[in-house]
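The [4Fe-4S] cluster binding site feature in TrEMBL is assigned to C242, C351, C362, C368. The domain 'DNA primase large subunit C-terminal' annotation in TrEMBL covers 236-374.
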Amino acid sequence: MLDPFGKRAQELLNEFETINDLLDTIPSYLDMELALERVRWVNTGRIPDHLLTLDDLKDLMSFYALLGALAFSPYGVEMELVKEANLKIYQTKIESSENFDELALPLEKPSENEIPKRDRTIIEKTLHKELPPEEKEEITLKYKMPLKTFLSLNEGSLKEFYIRNGYVYLNKTQVIELWKKSFEKNLEKAVNILYDIREELPQYYVELYSRLSELAREYFKERIEKFSTAAQPLHFDFFPPCVKIALGGVPSGLRNYAITVLLTSFLSYARICPNPPKRDVRVKDCINDLRVIKEEILPLIIQAGNRCKPPLFEDQPNEIKNIWYHLGFGYTLEPTLEDSGNSTWYFPPNCEKIRASAPSLCKPDKDCRYIKNPLTYYLRKLYLSKKSQGEKNEQSV
Ligand code: SF4
């Protein structure tokens, strides 16, 4: 199989009713070692031959097993490792293939006279007799794609591309570069879908995640800071629009949802436990002192409540107890760390729930299209910023 998000993969996935069915089947079908082999080789730089010749179902399952593991920590070293290793595996297969029909790209073949002869002569260097045939093959415009689709995949410059009548014409190298971008986007999309159902995934994926994490930490040990999305001070710039709206204060009908449900869960997880290590995590599993809640998180929640019209806590002073309840300390005003676990620490609601319960909070921006939960919006922006900072640092060395 050339592309785990392509047409052949889709046919295989159609045999399962839902993505949950596929992920439920994998543990009884696939030795976890095979999934780990997909990433373990990166240290050596050489892809083991058997990974390039796996049968389609094993290939798909071993790849999806890794995606299931990533659901427990969507943006971090683990995702970076899975992306890097699998991009190379599939790219190697694609480069040696003559047929791109299977890729998750809407490619069409141009008809013979569609490109004016003069343009072909220049672009494909047909008069350059000295060029070896393989090189000419690489620059031949064999494919085309609607411009609109192309623009959704390629955010960079259009300078290098031949565009005519609403289509972009592409040679093999350009198709492969475009496929890499679509692979990264599809991987991110799939991990976000699985993040939403991670509570339902079998224990197998928790174990796989922990082993994957060891490999990723070893591989990226020099650059671990670059991809880290561990607990750290809040970065307000990276908050999603719904959280920014809640922070600014909202009218009476929205107050309890915006402040007590959304803001309390979002700020607490984002600040102290962005990637919960297990299900039913409690605050005391992540911190050993309540000061971070009392001095950093609670003041933000109270200020946002005070910005509401009318101010939330003036109207409903007991709502502070409800905040502690949503943080997992039970309905109280003076909790101790030991009280954490007396109620459930509410996880941020996903976007679908926010849109259903408080539609006016959801004013999506362009980054919202990648995610399904406000917390992953934040983690993704944190990850992208660290990644680009890391790249700048590497360039300046
Ligand atoms: S799409 Fe999700 S993250 Fe974005 S504004 Fe709406 S609820 Fe918030």
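Just so you know, glycine gets a Cβ as well, placed from its N, Cα and C.
Around the Cβ of C368 ([4Fe-4S] cluster binding site), the same chain contributes P240, P241, C351, Y377, each under 8 angstroms and 6 or more positions distant in sequence. Sorting the binding-site residues C242, C351 by the number of other Cβ atoms within 10 Å puts C242 first. Neighbour list (C362 ([4Fe-4S] cluster binding site), Cβ cut-off 8 Å, at least 6 residues apart, same chain): P241, C242, C351, I354, R355.
Mapped onto DSSP classes, the domain 'DNA primase large subunit C-terminal' (236-374) shows 82 helix, 4 strand, 53 coil. Excluding the listed site residues C242, C351, C362, C368, the same chain places P240, P241, I354, R355, L361, K363, P364, P374, Y377 with Cβ atoms within 8 Å of the centre of the [4Fe-4S] cluster site Cβ atoms. The average pLDDT the prediction assigns to the domain 'DNA primase large subunit C-terminal' (236-374) is 94.
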